[in-house]
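Q: Per TrEMBL, the features are:
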type: REGION; residues: 59-78; note: region 'Disordered'
type: DOMAIN; residues: 136-376; note: domain 'DNA/RNA non-specific endonuclease/pyrophosphatase/phosphodiesterase'
type: DOMAIN; residues: 137-376; note: domain 'ENPP1-3/EXOG-like endonuclease/phosphodiesterase'
type: ACT_SITE; residues: 204; note: active site, proton acceptor
type: BINDING; residues: 237; note: Mg(2+) binding site
């Protein structure tokens with residue numbers, strides 16, 4: 001009996017010392033965290049809950065002992081991306097949301113600094129509020145709904161295109177694959193068989209073409225089914241949505257950077273719309289609208305097919321480029337939101353037909369977007385043609401029709417999609433058996449028979465394809 005008591009006491013002391021060491025390191029700064037550590041010692045080290053305080057408080061009257069050479073050597077170890085993110089979040093004490101979130105970081109990555117800047121950029125905009133784990137990949141952020149088996153949203157940035165940029169990756173070396181994040185939860189993890197014979201394509205949210213300047217790892221990550229892919233109508237994916245992607249990328253020729261948030265929408269269908277707000281003569285309260293949300297599912301894993309897709313574009317314009325940060329002028333941001341149906345869309349439809357307010361996207365998705373950027377007062381409309389503004393006034397101060405003459409705003413550009421002829425010519429570029437003569441004839445035909453003004457992007461693609469064919 002005495003021996004049992006001694007062993008029990010020794011065990012409790014050991015556990016107490018271990019918990020104390022964890023507390024000093026800042027990993028158990030609240031009781032719920034301590035309980036979590038006691039209950040689950042097997043959780044992966046790269047999944048953290050809440051900001052981590054890595055700087056313990058030291059009483060001022062206690063003299064610090066000098067560090068030993070061994071301690072100095074260990075302090076020089078490379079800080080992981082996970083630690084870097086949580087150190088940063090710990091400093092954001094005005095942000096009350098992060099303790100509720102999980103963050104999964106795909107480590108290691110060769111581009112750790114760029115990945116951190118990506119996370120920091122969208123956190124400063126105000127990351128969409130959500131319940132679930134934020135997955136940090138090398139070039140995009142993603143939250144997956146394990147019930148729908150598709151992303152709730154993804155975020156990524158497109159840096160400015162410089163002249164003679166070099167492409168470092170190619171989608172032909174990538175394959176659609178199951179997400180390693182859900183490896184232990186196979187029933188939540190869609191696979192390629194879910195899409196076979198479904199009449200839906202595997203639609204990228206983060207477009208492959210936006211990441212060709214980065215390494216192949218970043219390109220491969222965009223092919224993770226649960227983290228970046230949604231079932232998308234074939235025609236929509238290959239035509240209108242592709243033109244939206246090309247338009248977004250073209251902005252990187254004119255702005256310092258372009259930041260994008262995209263995801264699915266499940267649009268309700270209202271079949272009873274009651275506009276009454278007052279009780280009727282009998283005193284009964286007014287009836288609210290009634291409707292339903294219908295969507296298809298595909299495959300054995302029941303992957304949800306969204307009725308619509310949303311895209312929020314934030315263009316960043318810097319006034320001056322200077323090496324001295326103190327002399328730099330704060331960038332201006334221009335934002336626009338769009339919701340498009342997940343079905344074939346008329347090629348003549350103007351992009352602004354599908355322009356909506358941020359509030360509408362929030363209402364339909366249940367998430368807040370860009371709340372910090374909005375509160376900063378530095379969020380201007382991107383598309384001038386949604387305000388019925390003359391194109392000559394682009395990038396100038398203009399008056400809103402509904403505002404007084406003293407109230408001014410700024411817009412950035414006329415949001416015009418690349419011409420439909422770009423996409424028609426693109427289908428030839430995808431043809432592996434196309435000849436140089438066929439390409440040239442089609443190009444000349446489109447120029448002579450239609451009012452086509454080829455975009456810079458399609459000209460680059462044509463030249464690249466012709467060079468490839470001439471080398472054969």
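Using N, Cα and C of the backbone, Cβ positions are placed for all residues, glycine too.
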Q: For residue 204 (active site, proton acceptor), list the number of other Cβ atoms lying within 10 Å of its Cβ atom.
A: 23
Q: Taking only the Cα atoms, work out how far residue 204 (active site, proton acceptor) lies from residue 237 (Mg(2+) binding site), in Å, as a whole number.
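A: With the alpha carbons as reference points, the distance is 9 Å.
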Q: Over all shown protein chains, what is the count of other CB atoms within 10 A of the CB belonging to residue 237 (Mg(2+) binding site)?
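A: A 10 Å sphere around the Cβ of residue 237 (Mg(2+) binding site) contains 20 other Cβ atoms.
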Q: Across the domain 'DNA/RNA non-specific endonuclease/pyrophosphatase/phosphodiesterase' (136-376), what does the mean pLDDT come to, as a whole number?
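A: That region's mean pLDDT is 89.
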